[in-house]
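The signal peptide feature in TrEMBL is assigned to 1-19. Sequence annotations record features per position, and here TrEMBL assigns [2Fe-2S] cluster 1 binding site to Cys4, Cys7. The [2Fe-2S] cluster 2 binding site annotation in TrEMBL covers Cys60, Cys63, Cys95, Cys97. According to TrEMBL, the feature domain 'FAD-binding PCMH-type' maps to 190-375. If you look up TrEMBL, you'll see 218-225, Phe298, 308-312, Asp321, Leu365, Lys383 marked as FAD binding site. Here TrEMBL flags Gln728, Phe759, Arg873, Ala1040 as Mo-molybdopterin binding site. Look at TrEMBL and you will find Glu763, Arg841, Phe875 tagged as substrate binding site. TrEMBL lists Glu1222 with the feature active site, proton acceptor.
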Amino acid sequence: RRGCGACTVMLFQPLFCQCRLAPSARLHHFAVTTVEGIGSTKSRLHPVQERISKSHGSQCGFCTPGIVMSMYTLLRNQPDPTVEEIENAFQGNLCRCTGYRPILQGFRTFARVSGGGDTVSPNCSLFQQVTLSPSLFNPEEFMPLDPTQEPIFPPELLQCIRELGWEGGSVVRNYLFQRLKDVPQKQLRFEGERVTWIQASTLTELLDLKAQCPEAKLVVGNTEIGIEMKFKNKLFPMIVCPAWIPELNAVEHGPEGISFGASCPLSSVEKILHEAVDKLPAYKTEVFKGVLEQLRWFAGIQVKSVASLGGNIITASPISDLNPVFMASGAKLTIVSAGTRRTVQMDHTFFPGYRKTLLAPEEVLLSIEIPYSREGEYFSAFKQASRREDDIAKVTCGMRVLFQPGTAQVKELALCYGGMADRTISALKTTQKQTANSWNEGLLQAVCAGLAEELHLSPDAPGGMVDFRRTLTLSFFFKFYLTVLQKLVILLPQNCAKLDPSDASATLLFQKDPPANVQLFQEVPEGQSEEDMVGRPLPHLASAMQASGEAVYCDDIPRYENELSLRLVTSTKAHAKITSIDISEAQTVPGFVCFISAEDVPGSNKTGILNDETVFAKDEVTCVGHIIGAVVTDTPEHAQRAAQGVKITYEELPAIITIKDAINNNSYHGSELKIGKGDLTKGFSEADNVVSGEVHIGGQEHFYLETHCTIAVPKGEQGEMELFVSTQNTMKTQSFVANMLGVPANRILVRVKRIGGGFGGKETRSTVVSTAVALAAYKTGRPVRCMLDRDEDMLITGGRHPFLAKYKVGFMKDGKVVALKVEHYSNAGNTMDLSQSIMERALLHMDNCYKIPNILGTGRLCKTNLSSNTAFRGFGGPQAMLIAEYWMSEVALTCGLPAEEVRRKNLYKEGDLTHFNQKLEAFTLSRCWDECLASSQYHARRSEIDKFNEENCWKKRGLCIIPTKFGISFGIPFLNQSGALIHVYTDGSVLLTHGGMEMGQGLHTKMIQVASRALKIPISKIYISETSTNTVPNTSPTAASVSTDLNGQAVYEACQTILKRLEPFKKKNPSGTWEEWVLAAYLDAVSLSATGFYKTPNLGYSFETNSGNPFHYFSYGVACSEVEIDCLTGDHKNLRTDIVMDVGSSLNPAIDIGQVEGAFVQGLGLFTLEELHYSPEGSLHTRGPSTYKIPAFGSIPIEFSVSLLRDCPNKKAIYASKAVGEPPLFLAASIFFAIKDAIHAARAKNPDCKMEKLFRLDSPATPEKIRNACVDQFTTLV
């Protein structure tokens, strides 16, 4: 859905090559290069593939091919790029696993000037006592890039060139251009079942087609129409592509401006305007700079390469980035039809209504002239979105002022906005009153008052955020006012108002410094065998295959000859009775096979972890997205059409959507959970101060790059079925399918090669897809496949639980906390799923790292009419710990003490008992804290930040250091078990199988490292093929961060069994080789296959008695983060983060640091960026990357340092290691509280806020919440 970049390929045209997003019918005259075409593990990897692999930039690998192709294409266009060009190349790519740092660091080795620091001073205190290495890879080992060796053309074109004896890129391009230019262009036509695609060859032909068929849609990039067809189910019977018509691609430099043909891609417009800015006098390029500022953040290169300038205008989006700029600048549009031609100026009349323009149906936009600015004319463009890179604007604008010559007196003023109405608008009432006024404080106040009155939004305006959007209109004008004033002060020092130096920060456009990173880890002990890879930064063993596109994911499995496709049919109502289901329209779709529903289930329709769900809804639906049935057809496209043809009627029932709705209606799953210790009444009575309040933490979508996918293959014998599933839980997939089909579990085989990200989202919710697909395979007797589209996946499968907390904390004057009560409420959704276990973990983490003598926590699971929320990395812990840090920050503010002192004062110590009475042993948190304080230079930077905030009125910085303590174990004791199976073959090779799924976390790599050390053989001799229910049965889900602990110990036990059997043969032949011992054992009829089993000891906690250990051990970490906020827009920049993490004795520092960084960036999304929006009726609005924004490459801290704590072996896990998957995620709360610190600094300058030290900031800290919290003269106007 044009947002993640995973499908990026390179297209080569005669004149340029570029990453593209385009329909296949548009690819005439292009050569297409995919990731498979540039290198492979079978021949030779391309340097781009090699570097992302060896620099540890591929975890789950699903995004890797697209990232490789973005980098490859950049190098094809610019073999010697700058660091900035490399970073910009990835604006259209997303990764959910790595945290981006390793990708950027690996690819920066291609830069002409190495940007950013990747080293640390040897004088750093971290180097004391042990050897710490700052290098996870050696760039000197990389293959050099040789641009002359690149594949460019299809073989037949290469043959033509060889025949002519021509060599060299420019000659080749000239040859191809001449060849295409000399060949008469012909109309290209594709006829589909319902759509005709025509590629027009001439302007006359295009205009004739529009005259004959005025309703035909013109498509160049397909970035809008494609979305409407795929996701809005719109049908356009005729589509005309004008992309190759010369007149629509022409660029002319005229006397009044530069004219661009309407088909010109935005990337070309951007390039030409940059050249104009470099060559022309500065006064003539004001408008160009405004356009370029919008294009800078418009989208990734994939979109800008195909999206056309004309398409952007004619789409008439009310939140267009460019239309307000064109309107404010007075751009001229040339419009043609058969026999007519006219030129209009884009003004307030051009967009008469929502998605409408002045063009008649038969007219075509030919060109757009972007004007030169004049002397005395100034122009600015602004945009505010949730995420800076590749995001849709909340409010966007173009602003222009022209002064009377030699004065500061306004001659013309234009203020045009997007996001403030159902179309792009001009604030005419306000601007017309300013003619002849001087550019001073009076004009500023008058314009702001006018805008506040003129740009009104109703409380229920589409898009919401009403106060934020209205405030932005004033903030943007204030920025424009100051920007212009700054220039006038230089030109007219005596004739204009003065600029306060503290206001100057408001005029600065966003700039990002070159990145710098440090990764520190303890090197292996001197003398460790070279073959022993434990403790070494070994790349993910599948990373090279992932980088070359060879890695096989579920949907990569080739289609079976008679395979069918399934599409789910889901509820459009949050709570309703089903009154009828009509499939007659679906049955008319070509290739329709059947519709399946609850009536077709041969076994039990009951399913779910607590058996409170159904495979298919029957009689009643309880959320939007509730699965009612599924259609089965011959192709995915026909399945989508058939699903749309199923018509369901409902009788609506009252729906409960939010936590507050549930509280008001007493709607809960189960009874209240409770944990307590000490005497709460006594604690509060003795406290010097008591603070109480509420805080809300929003939910989060998993956004694994690979959506849910299942292939079910019936075997035809006694109910046997084989399923290939993208799941973290083979056991529940097997048992749920068996239960639904009414067969024993031994008939169902579930296989998982790898999954493209999981994060908990595929622990239980994958079964809603796999059971439906299995039923379809059972009913049809044929293989059936279903891979959810992103919007389906987000709608159906749930995410992280939103939490509401009501807290009351008692503390002494010195900041020591003596009493705490917190009521936790989670939005569980329509079924229980794992919600109770998640709330239990939340209650066990409500202390975070602080010793609180008197404490009470309660938890309620709110039963709502939303899709059931489920496991997500951290499993309730991050929500509870954010609540803890929230009230802790208020304790510090109330006491007037530095926050870091108050936190340090309340930290646990070695041997303390937690509030659930577990003793803290090997407590390394204090070491992490002190090391992080030192490495981050916390106190020196605190002083620098205070100075910065004093000198800057509209930019503020904040700093915060946050600890974490995360318990390691499944909350249900019996789940803490695992199995492994080892086969040793007579050639000495080893096939290893265990119960864990590889989902990017490097589990298979670590298991091979474990087996390699245990067996004392090279890792090259060991292979893991897949995880399956017929090799290791009854596996626990790959979750809770314990998979390495559990499976590693099981692998070790299996290895010991093999070694014990080989011992006699080693004694007989002590100088023999592994292969000789294995063969000797075989010849002596000794079994070379062994199982291993492990269960975690001494677990079992009771909430009733508050006794027993819920966790095997704890992982600890500390992070310090610094941010800068724009008080006028709510934008923020992550300047620096330093992390110190205790991972025990790391099995693989590269994988562990990757997990720390990836978890941190995912947490950054949770606490500052990712926001789920629902309608009042319970329909999810944010269903894809266009509306739901996860962190991008530019979201990560500019300076990002991770240090693994040295000398901290963990005696309770395999080879003294520790769990690492979930614990670091919460450390991103340091960003949230640094933002809160910066807002506090902003509010301190406002007299109205000085007495209100405490203010509410819910999570995530989005631009809207940041801006609204920075109370000033503009917020009071709206």
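Just so you know, glycine gets a Cβ as well, placed from its N, Cα and C.
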So among Cys63, Leu218, Leu365, all listed as binding-site residues, which is physically nearest to Glu763 (substrate binding site)? Use the C-alpha atoms.
Cys63
Just counting, how many other CB atoms are there within 10 A of the CB of Glu1222 (active site, proton acceptor)?
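A count of 28.
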From the recorded positions Cys4, Cys60, Cys63, Arg873, Glu1222, pick the residue whose C-alpha lies nearest to the C-alpha of Glu224 (FAD binding site).
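It is Cys4, whose Cα lies nearest.
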Return the maximum Cα to Cα distance in Å (whole number) over the record's Mo-molybdopterin-binding residues: Gln728, Phe759, Arg873, Ala1040.
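Greatest Cα separation within the listed binding residues comes to 13 Å.
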In whole Å, note down how far the CA of Leu365 (FAD binding site) lies from the CA of Ala1040 (Mo-molybdopterin binding site).
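For Ala1040 (Mo-molybdopterin binding site) versus Leu365 (FAD binding site), the Cα atoms are 56 Å apart.
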Out of Gly221, Gly311, which has the highest number of nearby Cβ atoms, where nearby means within 10 Å of its Cβ, if these are the binding-site residues?
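Result for the most crowded candidate: Gly221.
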For the domain 'FAD-binding PCMH-type' (190-375), would you mind checking the mean pLDDT of the predicted model?
93
For the recorded substrate site, enumerate neighbouring residues of the same chain (Cβ within 8 Å of the Cβ centroid of Glu763, Arg841, Phe875, site residues themselves excluded), in sequence order.
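Surrounding the site, in chain order, are Gly760, Leu834, Ser837, Ile838, Ala871, Phe872, Gly874, Gly876, Gly971, Ala1039, Ala1040.
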What binding-site residues in the list Cys63, Cys95, Cys97, Leu365, Arg841, Arg873 lie within 10 angstroms of Cys7 ([2Fe-2S] cluster 1 binding site), counting C-alpha atoms?
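So far as Cα distances go, the binding-site residues lying within 10 Å of Cys7 ([2Fe-2S] cluster 1 binding site) are Cys63.
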Cβ neighbours within 10 Å, counted over all protein chains: which one of the binding-site residues Cys4, Cys60, Leu218, Leu365 has the most?
Cys60
When a 10 Å sphere is centred on the Cβ of Arg873 (Mo-molybdopterin binding site), how many other Cβ atoms does it contain?
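So the Cβ neighbour count for Arg873 (Mo-molybdopterin binding site) comes to 26.
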Counting Cβ neighbours within 10 Å across all chains shown, tell me which of the binding-site residues Cys7, Cys63 comes out on top.
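Selected residue: Cys63.
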For Cys97 ([2Fe-2S] cluster 2 binding site) and Leu365 (FAD binding site), what Cα-Cα distance in Å is obtained after rounding to a whole number?
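Spelling it out, the Cα of Cys97 ([2Fe-2S] cluster 2 binding site) and the Cα of Leu365 (FAD binding site) are 43 Å apart.
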Least buried of the binding-site residues Cys95, Cys97, Ala1040, going by other Cβ atoms within 10 Å?
Ala1040
Under 8 Å Cβ to Cβ from Gln728 (Mo-molybdopterin binding site), same chain, six or more residues apart: give me those in sequence order, or none if nothing qualifies.
Ile755, Gly758, Gly760, Lys762, Glu763, Ser766, Met997, Met999, Pro1037, Thr1038, Ala1039
From the Cα of Cys95 ([2Fe-2S] cluster 2 binding site) across to the Cα of Cys4 ([2Fe-2S] cluster 1 binding site), what is the distance in angstrom?
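Per the Cα atoms, Cys4 ([2Fe-2S] cluster 1 binding site) and Cys95 ([2Fe-2S] cluster 2 binding site) stand 8 Å apart.
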Going by C-alpha positions, which of the binding-site residues (Leu218, Gly311, Phe759, Arg841, Arg873) is nearest Cys63 ([2Fe-2S] cluster 2 binding site)?
Phe759
Would you identify which of the binding-site residues Glu224, Glu763 has the most other C-beta atoms lying within 10 angstroms of its C-beta?
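Most Cβ neighbours within 10 Å: Glu763.
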For the binding-site residues Phe759, Phe875, which one has the sparsest Cβ surroundings, going by other Cβ atoms within 10 Å?
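Relative to the other binding-site residues in Phe759, Phe875, Phe875 has the fewest Cβ atoms within 10 Å.
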I need the nearest neighbour of Phe759 (Mo-molybdopterin binding site) among the binding-site residues Cys95, Leu218, Leu365, using C-alpha distances.
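Comparing Cα positions, the closest of these binding-site residues turns out to be Cys95.
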